[in-house]
Each structure stands twice: as structure tokens, then as C-alpha cells.
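Here the structure comes first, spelled out in C-alpha cells, and everything after it is commentary.
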Amino acid sequence: MVNPTVFFDIAVDGEPLGRVSFELFADKVPKTAENFRALSTGEKGFGYKGSCFHRIIPGFMCQGGDFTRHNGTGGKSIYGEKFDDENFILKHTGPGILSMANAGPNTNGSQFFICTVKTEWLDGKHVVFGKVKEGMNIVEAMERFGSRNGKTSKKITIADCGQL
């Protein structure tokens, strides 16, 4: 089985910034990868399209995926509100790692983050399920709109997304 690839077309205050594509590790975390894939295609009637990156901390990560409240308190999975941590096989090894944001054990919904550095202190707490395939330069450009507290200076949105 070939791991799926999905893409985000990123916009800054409505102006196109560029495309980021991700390989989803369905071979290691099938349930988590499938959730992100289906939210990227919108095939269940809801998902990431039009949502924003509400928290960007330069030298750490870019977080998004709250398509219900747009502020980090919402979002939902394709399996219902929340789903369990699948496993912690994959580690936060460096820039480009795609991992699930959560509010403690077994609280995965739709929020995720893209690491811009190695974040080994998150190993065993957040489920890694993918990595940036192309467009890490776009993620680095997004970082410039972040701040120490995570508030963004401009609105960073997923203008379009889907599966490649």
C-alpha cells in the first residue's frame, strides 16, 4: 500500500502563498492518517478547507485544524468528537513532522501541528502521522507571521486542500 499524499494551498490575508504537500503514514497509524486525509478532502461534509492556522510559534510549530471555532478550542474527527491515541511509534524527529494536537491523552480531534524544529519532548504525548513532502519553504514563510505567544499577525488560511 502506498501512503496517501494530501495538499494544502495556503493563503495570507486571502493572497496565495503556496502549496504544502504531506505524506500520511497510513502504514504506521492508519486511523490517524485516514482522519487527516478525509478532513483534507472534505468527503464527510466537513473539514479543513477555509480554516486557519490559529497558532504559529516561530522556531517551534504551526498549528491549525480547528474548523468549528477557529481559535484552538474546537474541531472534530471523522470518528466523532474525539478519538484515542493510536500509537507513539513515530517520533518528532525534526522540521516538517505532522502531529496531532490534543488536550491530554486520547483527545484527538482535527487539530494538528507542523513542526519547524525537532520537538522530542512531545514524543509519547502527541501522535505523529505524517511529514511535509514538498513546500517546507511555505511552512517557513508561514512561521514569519507567528509570534512568541502564537498569535498571528495576518490570517493564515487553508484556501484549498485535497488528496493528490
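Here the Cβ of each residue, glycine as well, is placed from N, Cα and C on the backbone.
Classification of Lys28 (ubiquitin cross-link) by DSSP places it in coil, neither helical nor stranded. Taking a C-beta cut-off of under 8 Å and a sequence gap of six or more, Lys28 (ubiquitin cross-link) has these contacts in its own chain: Asn87, Ile89, Leu90, Phe129. Under the heading ubiquitin cross-link, Swiss-Prot lists Lys28, citing similarity to another entry as support.
The annotation SUMO2 cross-link is assigned in Swiss-Prot to Lys28 (among others) on the grounds of similarity to another entry.
Swiss-Prot lists Lys82 (among others) with the feature SUMO2 cross-link, giving similarity to another entry as the kind of evidence. In the three-state DSSP reading, Lys82 (SUMO2 cross-link) counts as coil. The Cβ of Lys82 (SUMO2 cross-link) has 15 neighbouring Cβ atoms from other residues within 10 Å, across all protein chains displayed.
If you look up Swiss-Prot, you'll see 7-163 marked as domain 'PPIase cyclophilin-type', on the strength of sequence analysis.
Positions annotated as N-linked glycosylation site by Swiss-Prot, on the basis of sequence analysis: Asn108. DSSP gives Asn108 (N-linked glycosylation site) a strand state. A C-beta separation below 8 Å, combined with a sequence spacing of at least six in one chain, links Asn108 (N-linked glycosylation site) to Thr32, Asn35, Ser77, Lys82, Phe83, Asp84, Asp85, Met100, Asn102, Val127.
Positions annotated as N-acetylmethionine by Swiss-Prot, on the basis of similarity to another entry: Met1. Its Cβ taken as reference, Met1 (N-acetylmethionine) is surrounded by 6 other Cβ atoms within 10 Å in the chains shown.
Look at Swiss-Prot and you will find Val2 tagged as N-acetylvaline. Taking Cβ-Cβ distances under 8 Å and a sequence gap of 6 or more within the same chain, Val2 (N-acetylvaline) has no neighbours at all. Secondary structure at Val2 (N-acetylvaline), taken from DSSP and collapsed to helix, strand or coil, is coil.
Summarising the annotation, Swiss-Prot assigns N6-acetyllysine to Lys28 (among others).
In the three-state DSSP scheme, Lys44 (N6-acetyllysine) falls into the coil class. Taken from Swiss-Prot, the feature N6-acetyllysine applies to Lys44 (among others), supported by similarity to another entry.
The 10 Å shell around the Cβ of Lys76 (N6-acetyllysine) contains 20 further Cβ atoms across the protein chains shown. The annotation N6-acetyllysine is assigned in Swiss-Prot to Lys76 (among others).
Under the heading phosphoserine, Swiss-Prot lists Ser77, citing similarity to another entry as support. In the three-state DSSP classification, Ser77 (phosphoserine) falls within a strand.
The N6-acetyllysine annotation in Swiss-Prot covers Lys82 (among others).
The feature phosphothreonine is assigned by Swiss-Prot to Thr93, with similarity to another entry given as support. Of all Cβ atoms in the protein chains displayed, 14 besides its own lie within 10 Å of the Cβ of Thr93 (phosphothreonine).
Feature annotation from Swiss-Prot assigns N6-acetyllysine to Lys125 (among others). If you draw a 10 Å sphere around the CB of Lys125 (N6-acetyllysine), it holds 14 other CB atoms from the protein chains shown.
Reduced to three states, the DSSP call for Lys131 (N6-acetyllysine) is strand. Residues within less than 8 Å, Cβ to Cβ, of Lys131 (N6-acetyllysine) and separated from it by at least 6 positions along the same chain comprise Phe22, Glu23, Phe25, Gly96, Ile97, Leu98. For Lys131 (among others), the entry in Swiss-Prot reads N6-acetyllysine, with the evidence type similarity to another entry.
Cβ contacts within 10 Å of Lys133 (N6-acetyllysine), excluding its own Cβ and spanning all protein chains shown: 17. Residues or ranges marked as N6-acetyllysine in Swiss-Prot: Lys133 (among others).
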Across all protein chains in the structure, which of the modified residues Lys44, Ser77 has the highest Cβ count within 10 Å?
Ser77
Return the member of Met1, Lys44, Thr93, Lys125, Lys133 nearest to Lys76 (N6-acetyllysine) in space, with distance defined Cα to Cα and candidates limited to these modified residues.
Lys44
